[in-house]
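Novice: Feature list, courtesy of Swiss-Prot:
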type	residues	note
BINDING	165-172, 190-194, 212-215, 282-285, 310-312	GTP binding site
BINDING	S172, T192	Mg(2+) binding site
DOMAIN	1-158	domain 'Obg'
DOMAIN	159-329	domain 'OBG-type G'
DOMAIN	350-428	domain 'OCT'
REGION	117-145	region 'Disordered'
Amino acid sequence: MFVDQVKIYVKGGDGGNGMVAYRREKYVPKGGPAGGDGGKGADVVFVVEEGLRTLMDFRYQRHFKADRGQHGMSKGQHGRKAEDLIVKVPPGTVVKDEKTGQILADLVTHGQSAVIARGGRGGRGNSRFATPTNPAPEIAENGEPGQERDVILELKVLADVGLVGFPSVGKSTLLSVVSSARPKIAEYHFTTIVPNLGVVETGDNRSFVMADLPGLIEGAHAGVGLGHQFLRHIERTRVIVHVIDMSGLEGRDPYEDYVTINNELKEYNLRLTERPQVVVANKMDMPDAEENLQAFKEKVGDEVKIFPISAVTKQGVRDLLFEVANLLETTPEFPIHEVADESDTSVMYKLETEGVKFDITRESDGTFVISGYDIEKTFKMTDFSRDESVRRFARQMRGMGIDEALRARGAKDGDIVKILEYEFEFID
């Protein structure tokens, strides 16, 4: 089964917790802190595997959670970094953040990789908090939470040339006669329901990959029929071969077909109109084809070059292939996405940390709820089993301006304050 779009959940591993420990060595009084740092959590890394052709595997496994880092140990020993979780994807996979719509990666070549969810850093052990005024601190951090997000995977086939047109205009037949591909061919619409790829040899030491894309109908750009499912595969092609049925057996006007398909391409993605398009008048072996072709030429004008062919008899096919090969030699790759720079993704939730660091709301029972990436991250990294860590967290809240903001919202001694699922009393 061909699957070209799927939604999955990914989570980087949490960092390991730092440790509170002290040196216990004979004849060394007050040996000092010796708690090690936690190890970094594993990243979730997507890697291109050229043998894969579909996203089918992701229908059965939709959650990918990387391992956390090892906790810090005594004697100043740091925890081990967790091994990255490798997720293999087929060439042509685009990874998109489901919440923001941001393109995280466009994975094309074998072995290409991208970090999709970063692991959290390890928490610091108590040796990191030693100061002249506090030489033996009882403070250690929990590991930083790993990045988590829902992502959309879209597979856009890798082909140099895309065959487009209405259903049953002869796209699959054309692909079958110019390559070794064997797409399903039958006398009914939408026989082709998945893209078929074939390698075309022109006979003069040139070759290219051609994709037979399922037929389009009016409204495809808005999802009519299987519109979006098909149109996304055209985006990677460099040359579009527009196949038109000149026989008239379907009862449609060839010129109206031509206008409709071009409009669908334009409405779906305006950049598709930048690609060179070769217009193919197919089924020229049929009785009324020549008459229909002349009428078509009068309507499109002399600017549009038309290649009359018969995919069944192979009439005109050789000239068509040479024209396509010539166009490919002068047509560059078209970038289909603006992929986020590495600098944009190297800091977790960078967009959320810019601007307001926290938000305060009040529930119907009077409870103050504090939310925001910075405060929630600080909360998760605090070890509340140790008094010094609790006092440090209180100082951090004051430093962020949360105490002052709560007073401004009317908070008084004894009022309940909630962060995530935890509640505590406000002390003024």
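Backbone N, Cα and C atoms are what each Cβ position is placed from, and that goes for glycine too.
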Novice: Taking helix as H, G and I and strand as E and B in DSSP, count the residues of the region 'Disordered' (117-145) in helix, strand and coil.
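Specialist: Secondary-structure composition of the region 'Disordered' (117-145): 4 helix, 4 strand, 21 coil.
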Novice: Could you tell me how many residues in the domain 'OCT' (350-428) are helical, how many are strand and how many are coil under DSSP?
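Specialist: The counts are 33 helix, 17 strand, 29 coil.
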Novice: Quick one: Cα separation, K283 (GTP binding site) versus S172 (Mg(2+) binding site), in Å?
Specialist: 13
Novice: Over the domain 'OBG-type G' (159-329), what is the model's average pLDDT?
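Specialist: That stretch averages a pLDDT of 81.
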Novice: Measuring Cα to Cα, how many angstrom lie between S172 (Mg(2+) binding site) and S310 (GTP binding site)?
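Specialist: That separation, Cα to Cα, works out to 13 Å.
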Novice: Taking every protein chain shown into account, which of the binding-site residues K171, K283 has the largest tally of Cβ atoms within 10 Å of its Cβ?
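Specialist: Counting every other Cβ within 10 Å of each candidate, the maximum falls on K171.
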Novice: Since the record lists G165, P214 as binding-site residues, which of them has the fewest other Cβ atoms within 10 Å of its Cβ?
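Specialist: Result for the binding-site residues G165, P214: minimum number of other Cβ atoms within 10 Å at G165.
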Novice: Within a 10 Å radius around the Cβ, which one of these binding-site residues has the most neighbouring Cβ atoms: S168, S172?
Specialist: S172
Novice: Under a three-state reduction of DSSP output, how is K171 (GTP binding site) classified: helix, strand, or coil?
Specialist: helix
Novice: Specify the count of other C-beta atoms within 10 Å of the C-beta of S310 (GTP binding site).
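Specialist: Here the count is 22.
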